[in-house]
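The structure appears below as structure tokens.
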Amino acid sequence: MAEQYADKQIKLFSLTANREIAEKISQASGIPLGKMSSRQFSDGEIMINIEETVRGDDIYIIQSTSFPVNDNLWELLIMIDACKRASANTVNIVVPYFGYSRQDRIAASREPITAKLVANMLVKAGVDRVLTLDLHAVQVQGFFDIPVDNLFTVPLFAEHYNQLGLSGEDVVVVSPKNSGIKRARSLAEYLDSPIAIIDYAQDDSEREEGYIIGEVEGKKAIIIDDILNTGKTFAEAAKILERGGATEIYAVASHGLFAGGAADILESAPIREIIVTDSVLSKERIPSNIKYLTASHLIADAIIRIHERKPLSPLFSYRSDKKD
């Protein structure tokens with residue numbers, strides 16, 4: 001655990017979505033978690049009570065807006081309001097997983113842009129700054145009229161794979177869809193490895209028609225995506241890579257949601273190991289081949305840098321020498 005942080009005017013509070021990562025962030029930063037309570041009435045209404053003064057303090061509220069996304073979002077909004085009404089100096093939110101970020105555009109007629117709606121609600125509630133981790137769409141930052149710091153997890157993953165010796169020309173980094181090329185290229189640059197892409201002849205409903213752009217035969221493949229939801233994308237990509245001659249298949253994602261029967265799907269896929277961060281505390285069954293890498297040190301460093309008005313740019317080539 002880090003030494004206690006000297007400045008007493010910064011306070012961390014954890015809401016209920018992911019208490020585990022909040023405790024790790026507290027330990028890594030040396031800032032104790034503040035005292036507060038959150039409960040639901042029988043009709044589902046949320047009630048929050050901050051059990052210590054926050055007057056004049058810089059507040060950081062830690063809350064992933066994962067499942068149940070609406071409960072977690074409303075709990076966050078209510079906590080923001082409570083801090084503002086208690087005369088906090090600034091209210092900053094730490095959202096390791098930002099729910100609704102996939103609804104960032106109008107993909108079909110008469111659809112909403114819900115990511116923008118959520119941004120509006122947070123700003124209206126009184127947020128001064130947002131700190132998040134691997135937004136699904138980086139343009140969501142532009143939906144806010146306040147600073148949004150979007151940390152990247154690729155350096156953490158690269159460190160893990162370099163330690164395993166998974167680097168160089170005998171490894172290929174694979175994007176399981178053409179929209180993820182930039183992410184795959186970023187990891188490939190850290191590993192000095194080539195990239196490949198899995199594309200599809202038609203739309204996503206014809207997954208069995210997938211084909212590989214790039215060379216995977218005789219190589220160890222690492223599939224990378226930002227969100228692991230049902231596991232179907234990873235499982236289908238792994239089968240295509242196996243048919244393409246990949247010798248070993250690994251997978252990595254920033255956020256592990258594990259919705260529905262993801263565990264069964266992933267355990268039956270030819271994937272040796274799946275890496276995710278601890279941004280989401282899933283209540284679903286977790287596949288046996290999952291390994292968690294903590295993002296808590298990265299987030300803790302960012303919080304301290306923001307509070308001390310230091311640049312965050314060193315964190316974008318982040319290397320952690322700390323263990324889970």
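Even glycines carry a Cβ here, placed using N, Cα and C.
Listed features, source Swiss-Prot:
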- ASP43, GLY44, GLU45, ARG102, GLN103: ATP binding site (BINDING)
- HIS136: Mg(2+) binding site (BINDING)
- ASP225, ASN229, THR230, GLY231, LYS232, THR233: D-ribose 5-phosphate binding site (BINDING)
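Counting every protein chain shown, 21 other Cβ atoms lie within 10 Å of the Cβ of the residue listed as 'Mg(2+) binding site'.
Annotated D-ribose 5-phosphate site ASP225, ASN229, THR230, GLY231, LYS232, THR233; additional same-chain residues within 8 Å of its Cβ mean position, judged by their own Cβ, are ILE227, LEU228, PHE234, ALA235, ALA262, ILE265. Taking the C-alpha positions, the distance from LYS232 (D-ribose 5-phosphate binding site) to GLU45 (ATP binding site) comes to 35 Å. The two recorded residues GLN103 (ATP binding site) and the residue listed as 'Mg(2+) binding site' have their Cα atoms spaced 9 Å from each other.
Looking at THR233 (D-ribose 5-phosphate binding site) and the residue listed as 'Mg(2+) binding site', their Cα atoms lie 15 Å from each other. Taking a C-beta cut-off of under 8 Å and a sequence gap of six or more, ARG102 (ATP binding site) has these contacts in its own chain: ALA115, HIS136, ALA137, ILE227. LYS232 (D-ribose 5-phosphate binding site) falls within a helical segment according to DSSP. Of all the binding-site residues listed here (ASP43, GLY44, GLU45), GLY44 has the Cα closest to the Cα of THR230 (D-ribose 5-phosphate binding site). The Cα atom of ASP43 (ATP binding site) lies nearest to that of ASN229, taking the binding-site residues ASP225, ASN229, GLY231 as the candidates. Taken residue by residue with DSSP, ASP225 (D-ribose 5-phosphate binding site) is part of a strand.
In the three-state DSSP assignment, the secondary structure recorded for GLN103 (ATP binding site) is coil. Using CA atoms as reference points, the binding-site residues ASP225, ASN229, GLY231 were checked against GLU45 (ATP binding site), and the closest is ASN229. Take the Cα of GLY44 (ATP binding site) and measure to each of the binding-site residues ASP225, ASN229, GLY231: the nearest one is ASN229.
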